[in-house]
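As given in TrEMBL:
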ACT_SITE  Asp141  active site
ACT_SITE  Glu206  active site, proton acceptor
BINDING   Asp172, Glu207, His485  Zn(2+) 1 binding site
DOMAIN    256-405  domain 'Peptidase M20 dimerisation'
Amino acid sequence: MTGSGPKWRVVKFVKIICGSLLVTIALLLAAASIKTLSLDADGGGLRGARWERTRNTSVRPPSVCLSLRPEAVRIPTVSFSREQSNTTALRHFHTFLRRAFPKIFSSSLVHHELVANYSHLFRVEGSQPDLVPYLLLAHIDVVPASESDDWEAPPFSAKEIDGFIYGRGTIDNKSSVMGILEALEYLLGKGYAPRRGFYIGLGHDEEVGGLKGALNMVRVLKQRGVQLSFVLDEGLAIADGIIVGLEGPAALIGLTEKGMAHVKLRVSTAPGHASMPPRETCIGILAAAVKRLEENPMPRLFGYGPERETFEHLAHKVRRTNYESITHHNLYCLTVFPYVLYSRLLERKPETNGLVRTTTAVTMFNAGVKDNVLPSHAEVHVNLRIHPAQSLQEVLDQIHSTVGDQRVKIELISGFEAPPVSSSDEKSFGFQIIKKTVLDVFPTVTVAPGICIANTDSQHFKDLTKDIYRFLPVWLTPGDTQRIHGINERISKKNYEEYVMFYFSLIQNCDIQKLPEPHSSVHEL
């Protein structure tokens, strides 16, 4: 067989292509290794410049232990729906706050008002009015909880077990409410007066969308012409043992949060007697549509949103003895290949699958009136959390394509897209101040930007600032994520003290007029 025929030319061409690909991959892996080594030398830029290790606090921290006040947890400030909340408990909580924090409510520096009857808006005056204020957000309402759900302690008891305070809202979000106010109360008691003014907003209906509390606080601030340097709300946390392959804890500061869509699917057929069923009932048709949605998740989008920055910041802390670390370090190769590999790892766990894609959760299924009657109507409700790289319309189009059955009527009940991504570079005042505060209080953690997979009240404030951050100074270990909105929600007494210290330090750190000049390549080693 000669080497000059058409078949030989095809073989030669394939060899050239394969050789080129191998060379390209080798070069990319070499670039990844160089990038990784440089990150190991400077900690990925996260060990910080000298100013991040300086103490800006003029007031000495509390020398006594500050415990989460049990009454805060025992008052059942439950939001059941947008139309129904425990207003008696909300009024009780207001009375409790006035009694617990007398200095705040009597200080000439602090102006307090009720918004929409139950939300609280505080304005703390600064001595330098030219400094743009910021806003600390939290919420006082909680989701329902029942003792019949096998809690280790009653959900509104604030019972202490082995150094943990158990109760609904201990993480979401009364520790923030109390930590912020506890820090301010202490500072005022020491004669502290901030240079930079700030606001504190405590919403009363965050768990059902914040359409009364947060939205009305926004209206009040807009009417007064307020613009904010940044907003800090609940969101991400200190993840310890949650991220695959990561050595040590990581404090993740959310730069954005996912969008949301509430979609209803319904099927209608003729009713009849159960003894004469058709080949497909409306329940069967709808169940098949749901099965297609669950078997065909939304496309992988890992690397197209802020989650890429998260893993680039964390690469130097990944264990190198496992497969995950190889993929993690190769994130620096600007190719699709490593992102696909790592997204496949992340999607295996519910806690990290939300970083990869728009998630689809079937939450309610309604059909039938009697066991011997063919139903005429079946409907299912689906909750989707939309990845920042995907639009609401793209999600709806994907649902129509996946369901692929005209008998299934698809209706958008409500929805919104992910808010803009906040800044996190060296010139970003809010991010750098929060990062410095985290390192002040938690010096052993690695700090990285991230994406919050849940929704918060902060989404309503995007017209007042371009920078909204989502972070709680709470430690989350494997299993703790299921406690949020689940059973046995709890916080350790030590962690609550860290909450207070975090806000105590943050308020004082914000008093600087501006950030030092960026240290683009000069980091302390």
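Cβ coordinates come from backbone N, Cα and C, glycine included.
Not measured: the values here are computed from a predicted model.
Neighbour counts of Cβ atoms within 10 Å were taken for the recorded positions Glu206, Glu207; the minimum is at Glu207. With the fewest other Cβ atoms inside 10 Å of its Cβ, the least crowded of the recorded positions Asp141, Asp172 in this structure is Asp172. In this structure, the C-alpha atom of His485 (Zn(2+) 1 binding site) lies 12 angstrom from that of the residue listed as 'active site'. When the domain 'Peptidase M20 dimerisation' (256-405) is classified with DSSP, helix, strand and coil residues number 62 helix, 36 strand, 52 coil. Glu206 (active site, proton acceptor) sits 7 Å from Asp141 (active site), counting Cα to Cα.
The two recorded residues, Glu207 (Zn(2+) 1 binding site) and Asp141 (active site), have Cα atoms 7 Å apart.
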